[in-house]
Amino acid sequence: QTGRLALYLLGLRATCPPPKPHRALVTWLKYYLEEDWRGSQRHGRPLTSHYQYGLGVLALCVHHKRVREEVIRRLLAAQHHGRLGHSAVGKAHTEAVLALALTCLERRRLVGAGLAAELRATVHMVSRSMAQAQGPDGIIGNIYSTPWALQVFLATGMCHTEPAYSRAMAALLENLDAFGTAATMAQVLPVLHGHSYLDVASMSCQEELDTLTPLDMEPLAEVPGNKTVQLMVECAQPWCFDLQLYDQRVSTPAAASLLDVLWAASAQDPHFTFDTKDTPQGPYLTQVLGLEARQEKRNYWQLLTAPSTPLLTGIADYVPRDGETLILRLSEW
C-alpha cells in the first residue's frame, strides 16, 4: 500500500484539491509508513522496500507533514551502507527517490539544522554518484530511472552545472516511446517541463488554470506477420547444477512483447512456467521454471539480449526483433 498511496497523494496534491478530502489519506499514509518500518526491526529494511518508503516520505513532505528523526536516520544508514536496490538499476531508482525525499525535508525545514546539514551532504553524494554511474549512451541506471535522476539534478540545482544532466536529457528525448504507462509518464513529464516532484509542494493553486482536456487516442496499427525469437533461461547462482536451463525457439506475432513471448513459450511447452507481479511501472518478472527471485536472497531475474546487453525496458514494453536471442538470467546483486 505504501508506494501506491504515496504516488496517489503526490498526484492529488498536484491537482490543487480542497484540503479536507485528502487529510484522511495522509493519515493513512503515516499509518502505513509506521507499519512498514516495523519490518526493519527484523529484516533491517522496510517490509515493502526502501523505494516505496522513500516515496511515502516524499509524499508526506509535499503535504507538509513531519517524519520522525529516527526514520530519517535509518534511511541515511541504509544509503551509507549500500542496502538499497536489487541491482544497479534498482539502486538508481531508490537513491534518486530518497534524495528527493531528503531534499524536500531539508527545503521545507521539517528537520533541525544539524540533520539538515547531513541531508544536504548525503544528497550531494548521491548526485555525484548518479553522474558517475551514467553510461556512454547518457542513461543513468536504465531508461526508467533516468527521469528520477534528472529530477534530483533539477531539485538540487545541479542541472546548471552537471554535464550528465544534458546527456541524460538527450537520452530521454530519444527514448520517449518507452514511457507508455501512467506511472512512467508521471515520472518523465515534470522533467520535460523543467520540474521535479518537489515543485508540487510550493504550487500556488490560485494561479493554476484548468487546462485538462480529453485526448482522443487512435488505436495502434497492427504489425502483420510473425517472428521467431530464441528464448534462453540461465541460472548464474552457485547452487544451480547447470548454467543453461532452457533454450528454445518461440514463434509469436510480429508485434509481440517479451511478455507475449513468455506466454507463447508456456503455451508451446507446458514445462515452461513463469510468474510476475504488478508494479506501477508494469509487470515485474519474479519466477521462471520454478526459480523465484527473492530480495532477501539478493537475487533477481536479469533481462538480456544476446550476447550480454541488458534490456532498458520491462517485459511488457520490450518488443524483440525477429531472430533475436533473449536471455532470462537469475543473477545476484
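Cβ atoms here come from the backbone N, Cα and C positions, even for glycine.
Any TrEMBL annotation is an automated prediction that lacks curation.
Database features, via TrEMBL:
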type: BINDING; residues: THR48, SER49, HIS50, TYR51, GLN52, ASN142, GLN187, TYR284, LEU285, TRP301, GLN302, LEU303, LEU311, TRP333; note: cyanocob(III)alamin binding site
type: DISULFID; residues: CYS61-CYS104; note: disulfide bond
Around the Cβ of CYS61 (disulfide bond), the count of other Cβ atoms that are within 10 Å: 25
May I ask for the distance between LEU311 (cyanocob(III)alamin binding site) and CYS61 (disulfide bond), taken between their Cα atoms and rounded to an integer number of Å? 34
Report, in whole Å, the straight Cα-to-Cα distance of GLN302 (cyanocob(III)alamin binding site) from CYS104 (disulfide bond). 33
By the 10 Å Cβ-neighbour count, the most surrounded of the binding-site residues GLN52, GLN302 is GLN52
Taking 10 A as the limit, how many CB atoms besides its own sit near the CB of LEU311 (cyanocob(III)alamin binding site)? 18
Looking only at Cβ atoms, how many others are within 10 Å of the one on HIS50 (cyanocob(III)alamin binding site)? 24
Whole-number answer please: how many Å between the C-alpha atoms of GLN187 (cyanocob(III)alamin binding site) and CYS61 (disulfide bond)? 18
Have a look at the binding-site residues (THR48, GLN187) and report the one with the fewest Cβ neighbours inside 10 Å. THR48
For GLN302 (cyanocob(III)alamin binding site) and CYS61 (disulfide bond), what Cα-Cα distance in Å is obtained after rounding to a whole number? 34
For the recorded positions CYS104, LEU285, which one has its C-beta crowded by the most other C-beta atoms within 10 angstroms? CYS104
Given GLN52 (cyanocob(III)alamin binding site) and CYS61 (disulfide bond), what distance in Å do their CA atoms have, once rounded to a whole number? 14
Between the Cα atoms of LEU285 (cyanocob(III)alamin binding site) and CYS61 (disulfide bond), find the distance and write it as a whole number of Å. 32
